[in-house]
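One structure, as structure tokens, below. Some questions next.
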């Protein structure tokens, strides 16, 4: 966790003071700087760019350098400190714990070495023991801002038989620049810091009771003459926390507790990528997968029933059946016939546009978006398959019905992408229909091959593509809005293929949202045509091509979404009259 945890004390002589703090070091220390739980030395590094971080970076130095660094330390001078303001003895190097899992080091000093961090901790210390106090002056509170960091502070009292009111005022603070993270960590920090405080108070209470039992001070205090000036009691008003708790290893224990607190709090909350609700494509794919699983289960059950009902085979029949198996269906023949995929394939929509030409590609894309049947005739089945793989990215998953390669024509209601071999005859009414487009792939002539260039460099140059349709309106009309935006992205050479793909995904999501609104408006609510026209104008889809596109894409909505809408409409709350 990128934070600082500090123990603060309100001294009767010097006011709020920072006693002990633990910070996180993300940079590895050189050899000799200490490893594990041990002592180490540090000096402030150069200020990091990009704002203040809740950690600093240190490097090892010699004792002579440590002395010079101590003289230039941002902390208070020795003359301004008493026993109650000081935690580590003069020349104490501090504590370092090394987390081998994350290569992070937790370093504890009395003050942060970085001047800006010292200022932040100092200000938080003063505010936690002066103005930012919860009712009762003992308990947790949250304060801070973007400039000086956000602070979780828990104030508490420690028993002292020589102090005013027999107690001294302390606080444990956790400083972080991330407000949301600190607020979310409130319950965890409150419980763990409260445990540290209870342990300190328990040790101090035992010392207090022992001192009171050995030498009661209450009568002496009550008889002391009043004076408006601060003065020491029994010559030692400023007692260190180690003497109050009678624990010489107190600071080492606090270092361990603070280091564990920083590590545990950082490991407790982790960032996760929230993808939101599943898209329509995801829902449709899940439904298709479920249907395939149901079909496979039904086939397995039917085969099991046939085996149970069938007569017992004579001895040796299984061997004869295996020998009758045709060579085409054997696994060995399939593996032997496997070859690497050919290079004569389309790689992307931009590649297809370059090969077909802008006018032919626009005609083809228009028919794809409108839901018309797209027929490819070629001897190369891999080429047809790659063309369909590229073209299907323009449509939602639910609108795609593909027959990759067939030896006979299939009707449009069965597929909107159909691959045929060259000898297959297409019915005349389909060729003349405005709801179909045919792409015929021919072998290029010798002259065109030399004109285009080397066949090995451009494998698709050995083909000629002829795009025909019974309706030439695709090239004449303005076309659907999504087609115009798509062509603008494809023609922009500053956009890479990956960026164009993401742009296409965003365009499909935008128009699928419009499809959902139109479906809810027309199919579920059954609004009149006048209201539907107003809605289309608001959606920016009042043109004829846009309306056709929305109606076709409506068929690609998932069954889950449709059933959810219908169940919502039929619920009692939905049947209440509208105000």
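Quick reminder: no glycine exception, Cβ is built from N, Cα and C everywhere.
So Swiss-Prot lists the following for this protein:
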COILED    285-309  coiled coil
COMPBIAS  63-76  compositional bias 'Low complexity'
COMPBIAS  294-308  compositional bias 'Acidic residues'
DOMAIN    86-242  domain 'uDENN FLCN/SMCR8-type'
DOMAIN    339-491  domain 'cDENN FLCN/SMCR8-type'
DOMAIN    493-558  domain 'dDENN FLCN/SMCR8-type'
MOD_RES   62  phosphoserine
MOD_RES   73  phosphoserine
MOD_RES   302  phosphoserine
MOD_RES   406  phosphoserine
MOD_RES   537  phosphoserine
MOD_RES   542  phosphoserine
MOD_RES   571  phosphoserine
REGION    32-82  region 'Disordered'
REGION    294-321  region 'Disordered'
SITE      164  site 'Essential for GTPase activation (GAP) activity'
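Could you give the neighbours, burial and distances for every feature on this list?
Cβ neighbour count for residue 302 (phosphoserine) (all protein chains, 10 Å cutoff from its Cβ): 10.
Under 8 Å, Cβ to Cβ, and six or more positions away along its own chain, residue 406 (phosphoserine) finds 418, 419, 420, 421, 424.
Counting every protein chain shown, the Cβ of residue 537 (phosphoserine) has 10 other Cβ atoms within 10 Å.
Note: residue 542 (phosphoserine) has non-local neighbours 533, 536, i.e. same-chain residues 6+ apart with C-beta under 8 A of its own C-beta.
Secondary structure from DSSP puts residue 164 (site 'Essential for GTPase activation (GAP) activity') in a helix.
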Measuring Cα to Cα, how many Å separate residue 164 (site 'Essential for GTPase activation (GAP) activity') from residue 537 (phosphoserine)?
78
Look up residue 406 (phosphoserine) in the DSSP assignment and report helix, strand or coil.
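In three-state terms, residue 406 (phosphoserine) counts as strand.
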Residue 302 (phosphoserine) to residue 537 (phosphoserine): how many Å between their Cα atoms?
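Each residue's Cα considered, residue 302 (phosphoserine) and residue 537 (phosphoserine) end up 53 Å apart.
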How many neighbouring Cβ atoms, not counting its own, are there within 10 Å of the Cβ of residue 164 (site 'Essential for GTPase activation (GAP) activity')?
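I count 12 other Cβ atoms within 10 Å of it.
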